[in-house]
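Q: This is the structure I want to talk about, given as structure tokens.
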């Protein structure tokens, strides 16, 4: 499966600014790239794995790590969610506060709440899983810098692929975008970065 990695991802530098003041400026991260300024996200409606209408603002209160994919993904998505599972476990074992790990499907045609709930439970039932109507997905993806493209298919055809960005996006406690983990995703390195972030 091809992955969209927009060129501007490669141009990011670690601009150690803050999420709420100057705290992030004082931290050094090995993998997390911090954006120059926090970015507020539009309060778009999402659909949770439980069929509830929610929004990005509902993630406020703790840090969040977002990944965009789809449940029929043959490789990157299950690998990514397994990595998130390992990171979450390591943080718990170290008695660290864990962020929200959030899977957002860019394939609402197939990824109903029921499908999302069953899929995410395989990795961790506490992980959040959302989708949205196509228009809201496009808006959220464009704001964050996520690229994805659904393969052309006939109505009712369920055998199609979706190309998508592999990066993980980090939101602060105000549900603002503050950072990004680009590939490769190394479990131990990201765990250490998240430990610093959530302290």
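Every residue gets a Cβ built from N, Cα and C, even glycine.
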Q: Quick one: which of 153, 164 does TrEMBL put in the Cu cation site with 73, 77?
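A: Among 153, 164, only 164 appears alongside 73, 77 as Cu cation-binding in TrEMBL.
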Q: What three-state secondary structure does DSSP assign to residue 164 (Cu cation binding site)?
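A: The residue in question, residue 164 (Cu cation binding site), is strand (DSSP, three-state).
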Q: Have a look at the binding-site residues (73, 77) and report the one with the fewest Cβ neighbours inside 10 Å.
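A: Minimum Cβ neighbour count within 10 Å, taken over the binding-site residues 73, 77, occurs at 73.
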